[in-house]
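One structure is given below, encoded as structure tokens.
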Amino acid sequence: MANTKSDIQTEVENVRVFIRVRPLTKKEEDEGRQNILLIDSKENLIALNKDGINPKPFKFDQVFSENSTQINLYRVIAVPIVEKALQGYNGTIFAYGQTGTGKTYTMVGNYTKPDLKGIIPNTFSHIFSQISRASGENSFVVTVTYLEIYNEEVRDLLSTDPNKKLAIRERPDVGVYVKDLMGFTVDSIESITELLNRGNKNRVTRSTLMNDVSSRSHAIFTITIESRNTSSNKTTVGKLNLVDLAGSERASRTQATGERLREASNINLSLSVLGNVISALVDGKSTHIPYRNSKLTRLLQDSLGGNSKTAMVAMVSSADIDYEESMCTLRYAARVKHIQNHARINVEHGGLIEGFEQEIAELQEKIHLLSVQEQKQPVTKKKKERSSSQARADEIRKCEEELQKTEKEKNELMQKISMIQKKILVGGENLFEKAQHQAFLIESSGVEIETLDKNHQQLEETLNKKGQERIDVEEKYSSLQEEDAGLTKKIKKVQSYLNEVKEEYADKEHEYQREMEALLDNNRLLVRETQLACLMIDSYIPKEYLKKIDSNLIWNSETQEYQMRGVAYTGNNMRKRQSTHPEFFTPIHFEMKAVYHKYPEKKRERKIMYEKRSFSAVPKAR
């Protein structure tokens with residue numbers, strides 16, 4: 001993405017952090033769980049009151065209570081970022097929190113009901129609404145990608161093969177990108193919603209003890225908005241990342257085993273790396289930021305400390321049983337709000353719009369040439385009329401075939417032009433006629449009030465920060481008593497700050513110990529499963545077969561794993577792939593004679609006697 005220095009407008013601002021509280025579920029109410037959250041909506045403070053002893057408050061950009069609505073959440077969090085993305089800035093909104101706290105509900109929601117739409121569906125309405133209000137001098141192209149990170153593997157949710165692993169690459173002109181990731185151009189809310197539906201069907205979800213529909217992968221829905229102004233001939237590209245992170249979870253509570261345990265371990269590991277990146281950015285002393293330690297942080301590199309306007313929605317549970325997880329989430333969010341981003345407008349030369357316009361011009365030139373050929377056809381027909389009747393009939397038939405062929409080519413070219421023109425959305429057109437129910441519920445006055453409140457809050461925080469830095473400023477005293485009183489006041493102030501730092505250090509130490517315990521729990525379970533697998537391999541697979549497997553193993557540097565040579569031509573891989581959805585599955589019936597469905601009586605008796613014998617699961621010593 002090329003930027004000219006004269007057009008770059010850099011804006012430095014901190015990541016905006018918001019808290020959303022999930023109400024008690026029916027199951028928690030039946031178990032008699034208590035609400036332990038204390039919320040001050042005016043001051044945007046939240047605290048956990050489990051023991052009732054001086055709960056520590058956390059301050060954020062805004063705290064949304066259990067009664068908050070989806071549209072109110074969108075107005076405060078998403079509207080400023082989407083508006084900036086339309087102007088050519090990069091933007092990111094991501095939901096973070098413990099499993100089962102409502103991250104997917106906040107980001108996606110139920111888009112069949114207007115009141116329950118999440119941030120992503122409301123973004124669709126917002127973008128196309130703003131395009132329809134733009135002046136006729138502006139043209140837009142909107143493209144969409146949708147990927148997930150499952151077990152540290154990047155997958156394309158919009159691909160015909162969503163299980164295919166994709167590689168992450170980096171180029172100086174583009175930055176970090178995913179190789180072979182499919183992008184789709186959209187021109188209406190229906191088309192973009194259809195892509196969201198397709199991707200959600202391919203996303204990995206499973207049932208756990210803490211959540212019936214638990215997301216087992218991190219999902220990133222990216223909308224790229226290219227805008228071109230015909231009067232200034234300036235093209236800007238804004239990229240909007242909408243991220244639904246998988247929830248952190250403890251194996252002791254979910255009691256996950258096997259594949260789910262492996263999924264939970266990878267989720268917790270990637271979130272731990274995300275925490276390390278945040279700590280390194282906030283600390284400011286680290287020369288190396290560990291973005292490359294995880295696929296998630298690599299893809300969110302610009303969103304954290306880079307070229308992006310970023311907002312985080314931290315989800316917390318109000319139940320007392322989730323005290324540890326909620327406290328960890330609040331501490332995590334409190335660190336994130338200190339990250340500084342440097343966002344700028346992305347100006348591009350020779351974008352998609354210019355390419356589409358050139359393609360349209362080439363197709364129109366071909367249509368013009370075909371029209372000229374059509375005009376020459378009648379002249380040729382008149383010359384042939386003087387020949388014999390049979391020859392005349394043949395020539396007429398050939399001319400008609402040529403005319404039909406030319407007409408068909410013209411229609412195909414016109415269809416191509418129409419398809420390309422649909423991809424370019426011109427500002428000022430009534431896009432709402434293309435799709436019904438695209439009305440958007442955002443009032444500009446409400447947004448302005450929110451902006452003023454935010455500015456007021458930032459000014460208060462700046463004044464408090466400056467007040468803390470003025471401890472060592474020299475003061476003039478008229479007497480020794482005044483000096484003594486002033487010094488005593490300073491000592492008390494410093495002592496209070498020291499106590500706050502000690503509390504913060506103790507909180508971080510507790511959080512570190514908790515993360516270490518969770519990782520050790522996962523590690524113990526994984527070691528146990530590995531030992532069981534090794535026991536089965538040593539006991540039941542002959543050594544000559546193990547040698548054959550070892551000799552055919554090769555290391556794949558792109559996927560970072562070992563693969564078997566020639567495995568694509570064996571077993572189930574050779575069978576025709578069938579859809580995983582039951583409505584598309586058609587069972588295969590084999591034509592077999594009835595004799596093959598029976599056992600001879602003697603053999604059947606022998607088989608029953610054999611099955612009644614007892615066996616030991618302990619492998620015999622060799």
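Glycine is treated like the rest: Cβ placed from N, Cα and C.
TrEMBL annotations:
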BINDING   GLY97, GLN98, THR99, GLY100, THR101, GLY102, LYS103, THR104  ATP binding site
DOMAIN    14-339  domain 'Kinesin motor'
REGION    375-395  region 'Disordered'
Query raised in the report: So what pLDDT does the domain 'Kinesin motor' (14-339) average out to?
Result: 86
Query raised in the report: Taking the Cβ of GLY100 (ATP binding site) as centre, how many other Cβ atoms lie within 10 Å?
Result: 22
Query raised in the report: Far apart in sequence but close in space: which same-chain residues, 6 or more away, have a Cβ under 8 Å from LYS103 (ATP binding site)?
Result: ALA95, TYR96, GLY97, SER215, ASP244, LEU245, GLY247, VAL313, MET315
Query raised in the report: If you count Cβ atoms within 10 Å of each one, which of the binding-site residues GLN98, THR99, THR101, THR104 comes out on top?
Result: THR101
Requested in this report: Tell me, if you would, which residue among GLY97, GLY102 (binding-site residues) has the fewest other CB atoms within 10 Å in the structure shown?
Outcome: GLY102
